[in-house]
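According to Swiss-Prot:
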- Asp40, 62-64, 93-102, Tyr235, Arg253: substrate binding site (BINDING)
- Lys95: active site, proton donor (ACT_SITE)
Amino acid sequence: MSSQSHIPYAVRASRHSNPLARQLFQIAEEKKSNVVVSADVTTSKELLDLADRLGPYITVLKTHIDILTDLSPTTLTSLKSLASKHRFLLFEDRKFVDIGSTVQKQYHGGSLRISEWAHIVNCAMLAGPGIVDALAQTASTPEFRSVYANEVEGGRALLILAEMTSKGSMATGAYTQLSVEAARRHRAFVLGFVATRALNDVLPVSTVDGDEEDFVVFTTGVSLSASGDALGQQYQTPTSAVERGADFIISGRGIYAAEDPLEAVLRYREEGWKAYLERVKGWKA
């Protein structure tokens with residue numbers, strides 16, 4: 001895969017064919033932030049409080065909405081309002097991993113109503129490429145696009161889980177290659193990958209149908225203090241993640257569980273942005 005990580009966000013925004021990618025890069029440039037907060041909290045109050053306090057300093061808020069013990073329609077309405085107020089995107093870390101017809105119903109329908117509020121979702125490739133085909137099919141229908149593919153809603157997009165940061169992960173080799181192949185078939189809907197690095201060595205190519213590809217890389221497991229935990233999570237620092245090709249760095253406990261989450265998010269923003277500027281400083285048009 002051809003990485004564009006050496007190019008500034010503003011330039012990538014001006015060139016990108018995916019509307020949500022353009023918006024994402026624009027937000028990052030405006031806020032001088034490449035931080036994604038993984039808000040793995042269990043009550044609506046905690047989630048909405050974090051969204052309101054940290055929203056001005058982040059590009060994306062990542063949720064596991066099904067771990068909320070008191071989820072209600074009001075929670076989702078309030079979350080959307082805060083995303084609009086503070087200009088950040090919502091990423092539901094659902095990791096769809098079922099047959100196509102099932103994930104279509106999980107995404108666009110069901111009790112969580114994910115497509116109605118999440119700008120970004122993700123999937124794993126364990127069920128095969130049909131899962132990406134199915135989600136892209138749903139997102140391409142005239143009915144879906146008329147509701148969500150507009151400036152107010154901001155569009156919808158998919159990240160493919162190409163690699164994981166947990167020790168012993170099987171998301172390697174042929175699995176990662178399959179992820180890239182699936183993304184290339186649906187470039188209008190696939191924003192990029194959740195990966196530990198830029199995937200330059202996976203099916204290298206510079207253009208697709210004459211158009212230079214630019215998949216966005218989100219890296220999880222970013223921490224300023226820890227190297228791992230008792231459950232096999234392996235961490236990178238903001239600097240090392242960006243140096244390895246991360247466009248956006250995802251941190252959870254390092255921010256939301258900090259004594260002062262606001263102070264923590266500012267530290268992550270400062271280090272992540274400094275690493276980004278160092279990465280693109282040699283770029284010339």
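Backbone N, Cα and C define each Cβ position, glycine as well.
On the structure: features taken from Swiss-Prot.
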{"residue": "Asp40", "record": "substrate binding site", "DSSP (3 states)": "coil"}
{"residue": "Thr63", "record": "substrate binding site", "DSSP (3 states)": "strand"}
{"residue": "Asp93", "record": "substrate binding site", "DSSP (3 states)": "strand"}
{"residue": "Ile99", "record": "substrate binding site", "DSSP (3 states)": "coil"}
{"residue": "Tyr235", "record": "substrate binding site", "DSSP (3 states)": "coil"}
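Here Ile99 (substrate binding site) comes close to Ala127, Gly130, Ile131, Ala134: these same-chain residues lie at least six apart in sequence, with C-beta atoms under 8 angstroms from its C-beta. Long-range C-beta contacts of Asp93 (substrate binding site), restricted to its own chain and to partners at least six residues apart, with a cutoff below 8 Å, comprise Ser38, Lys62, Thr63, His64, Asn122. The binding-site residues examined here are Thr63, Ser101; by Cβ neighbour count within 10 Å, the least packed of them is Ser101. Other C-beta atoms found within 10 angstroms of the C-beta of Val97 (substrate binding site) number 15, with every protein chain shown included. There are 16 other CB atoms within 10 A of the CB of Asp40 (substrate binding site), with all protein chains counted.
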